[in-house]
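One structure is given here, and the rest of the page talks about it.
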């Protein structure tokens, strides 16, 4: 379990004070994958660096597995950091060392005997899918392979928490998915708690159980990924979801001709089993109305499926529209009116 209580990080310069993290409270379940998303400057990198005390909070508490990180002795903090390890956007590999020796490096620092360190490193090479590349140098590896080395190295001391600082930002989409699949596999095999920060909703949707959205140092929205994706509340969250959906339909609305009286354009959001139900056809039949599908999209999250439909209803009375809306609520389908004639 990881808890952040009223965590603040303030930087003082000659001319001003910058509040990078502003009274953040989070609770992260052991064994879960927790995502923190935000645009550049939101404070997410500063936040994650306080988990292992690479940055000390100005105030507030960071508690991991019952240990108050800021209250640990130097030796206690050193030991804790071996259990709260980190992977980085730009890999941070030692270019003069081979794959195997990069992975052995933290074991050497920890004083693990060479034979045991080599055996552990070989096991990790296999775990991350680099068997046969043990003697290669970082300059001979692709970006995805370098990140696999970074992950293996971070796992060398058997951590309980893995921190991922924009770990896929430098990778192409296919390699990103491969690294995300690897993180899922590692979490399942080693029961790790993974905390990752990103500016890509795709990453959050793909592997995270829960998400926190940051803006200007504050957590502005948080909760289970499917719930946040299905029903984003804050403008920033809505923007991330739209970008993931490649949804610019609301912009296109301004180019449409005015709707006739009693016509509607609505967006429906489905989750779980409702994504496979023939809701549109059944409602069309029930209310004897014509429904045009203007846009459709389905996205998979780690814990379920979310579907989106934009519909044009040329005519429906206000009474029937009220019944239509009520039936959607009963079917656990969310509706947003985009335009009304």
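A Cβ is built for glycine as well, from the same backbone N, Cα and C atoms used for every other residue.
If you look up Swiss-Prot, you'll see 38, 39, 40, 41, 42, 43, 44, 45 marked as ATP binding site. Under the heading domain 'ABC transporter', Swiss-Prot lists 2-241, citing sequence analysis as support.
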For residue 42 (ATP binding site): intrachain residues, at least 6 apart, with Cβ closer than 8 Å: 214, 215, 216, 217
Cβ-based neighbourhood (8 Å from the centroid) of the ATP site, residues 38, 39, 40, 41, 42, 43, 44, 45 excluded: 199, 214, 215
Other CB atoms, at most 10 A from the CB of residue 43 (ATP binding site): 23
Averaged pLDDT score, the domain 'ABC transporter' (2-241): 94
Around the Cβ of residue 45 (ATP binding site), the count of other Cβ atoms that are within 10 Å: 17
Densest Cβ neighbourhood among 38, 41 (binding-site residues), 10 Å radius: 38
Neighbouring C-beta atoms (10 Å sphere around the C-beta of residue 40 (ATP binding site)): 7
Proximal but sequence-remote residues of the same chain as residue 39 (ATP binding site) (Cβ under 8 Å, at least 6 apart): 199, 215, 236
CB within-chain contacts under 8 A for residue 44 (ATP binding site), separation at least 6: 36, 37, 38, 197, 214
